[in-house]
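As recorded in Swiss-Prot, the features of this protein are as follows:
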{"type": "ACT_SITE", "residues": "ASP67", "note": "active site, proton acceptor"}
{"type": "SITE", "residues": "ARG11", "note": "site 'Important for substrate specificity'"}
{"type": "SITE", "residues": "THR68", "note": "site 'Important for substrate specificity'"}
{"type": "SITE", "residues": "GLN150", "note": "site 'Important for substrate specificity'"}
Amino acid sequence: MRVILASTSPRRSQILSLLGIEFEVIPAKVEEEVIPGKPVLTARKLAKEKALSVWRENRDAVVIGADTLVFLGNEIIGKPKDEKDAVNILKKLSGKWHSVVTALCVYSPEKVFLTHDIAKVKFRELSKEEIISYVKSGEPMDKAGAYGVQGFGATIVERIHGNFYTVMGLPIVKLYKILRELNLLAGTFS
């Protein structure tokens, strides 16, 4: 059966590749509207919309959609709009714990799965110079919360409670269980 990742995120492709299955990438076309104060609900809604938008034209396939949001309290912190926004986001998160939710929706011809995972992340205290230098690197610009835990952003993360891959953008443990249930992981360990 065809497996499609409804995302152009190189991080999600990298994580999905860890499961050793062949897949294709078809970008989802959805308006990413946020429900203010509802980060988990927003992430679940967007993951479902992304998967559904691709599945509608590929009903014979298994389509994987995901959405990652960073939040502080109930304030959703999305991708930075520009460098100034990235600096402000990183200042806000400096020295604090925040949460990362990645929602996952899998459409198959037989069944729809919708789940999410949450991890807590603590930044170390960041100097203004560190923030500006990191933003100038360009790494934060396409990432929720303005950092990439798998890149140089790892140097600003002091601690993670939860799954690293949830923070990176795809909850691999939950996805693994779904794909096993769909019998798409033949030959992997049991």
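Cβ from N, Cα, C; glycine included.
Overlay of Swiss-Prot annotations on the structure.
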| residue | record | contacts (Cβ under 8 Å, 6+ apart) |
| --- | --- | --- |
| ARG11 | site 'Important for substrate specificity' | GLY148, GLN150, MET168, GLY169, LEU170 |
| ASP67 | active site, proton acceptor | GLU32, THR42, ALA43, ARG44, LEU46, ALA47, LYS50, THR102, ALA103 |
| THR68 | site 'Important for substrate specificity' | ALA43, VAL100, VAL101, THR102, ALA103, ALA144, THR166, GLY169 |
Cβ contacts within 10 Å for GLN150 (site 'Important for substrate specificity'), all chains included, total 18
Simplified to three states, DSSP reports GLN150 (site 'Important for substrate specificity') as coil
